[in-house]
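Only one structure is covered here, and it is reproduced in the block below.
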Amino acid sequence: MERPTGVYFQTMTMKQIRERLKQCDLIIIPVGSTENHGPNAPTGEDTFLVTRMAEQVALKTGCTVAEPIWYGYHPYHHIGMPGTVPVKDEAFIDYLVSVIAGFWNTGFRKQILLNGHGQEFVIPIAIHKFAKIFQVPAIIINLNWYHAIQDKFKTKEEGGPYETPFIHADEVETSWSLALFPEFMHQEWAVDTEPKGFLPEGHIDKAGNLLHRPIAWYGHVGGGPIEVVAYPEGVVGKATLASAEKAKEGVEALLDYLEKLVRDIMERFPAGKLPPAEMLSQRPKEELEALTKEPLTEGWRNLYTAGNLWG
């Protein structure tokens, strides 16, 4: 992420950023976490997954990648696990709002928050909070990578490559990590655990709600144990079954989808263009024109004059 690959916002000068905005004003913001993923995988696994994905798509499409959000939201059953760094709910949401606003004010009015962690139900709150505060035209999308290719997580019984369903630091997630950043993995240290639940199977879903069960994985407290007690290893499932080969088809499909998403947005709304402002906001026309001008040009108003971000 510190290498001058030509895709990361924080490695660019403002001159380079201005030139890039003329070609593509879409930025991908990887939203990850710092979380215990067992003895064999790095604590930044969720973050590395989405940064590697974003890098590949940016190299193909010309979009920009923000340095990732390293610390994320965590549900109750994650709390207390060493190696996991949870952020207070309100602080996480407000931090995302601030990041979205900062990039919008710079000229990136099209943003994809590419999520790699179990916080898919929180990120949309930040997107809508941004919209409510500022009420400016924008395309802000939350994409959870595992939702883009749900058919690629099938078990062998369903015609897929995996022995077990996707949970956490398990066969599936470890396979994807081996495919995307093998240099950080120590598969010789992998361990297995047995997933536990207090209700019969079929009610509560697992990671990403990929099984389409009635109750979302985050829609309960008490349906399963807390991780620090039940899974001190940091693994929920069979990490030893993982291999990069199992994830290969899914990785290719996901990158294809991400590339398509970026290209579809940019073809519909080329650099400098957005959906009709009058369809997205009831702010006065003159105000919207000033806010959406190229930053630092004549008549431009900075975004922070349009809403109170500071409470």
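Note that Cβ sites are derived from N, Cα and C of the backbone, with glycine treated the same way.
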>> Given that Swiss-Prot assigns H37, D46 to the Zn(2+) 2 site, pick the one from E171, E173, E183, E188 that the record assigns to that site as well.
In response: E173
> Per Swiss-Prot, which one of E35, E55 shares the Zn(2+) 1 site with D46, H117?
Replying inline: E35
> For the Zn(2+) 2 site given as H37, D46, E173, which other residues of the same chain have their Cβ within 8 Å of the site's Cβ centre?
Replying inline: E35, A41, E45, L49, G116, H117, H168, A169, T174, S177
> Cα within 10 Å of E173 (Zn(2+) 2 binding site): which of the binding-site residues E35, D46, H117 qualify?
Replying inline: D46
> Counting only residues 6+ apart in the same chain, whose Cβ is under 8 Å from the Cβ of E35 (Zn(2+) 1 binding site)?
Replying inline: T43, E45, D46, G72, H74, H78, M81, G83, T84, V85, H117
>> For each of D46, E173, count the other CB atoms within 10 A of its CB; which of these binding-site residues has the top count?
In response: D46
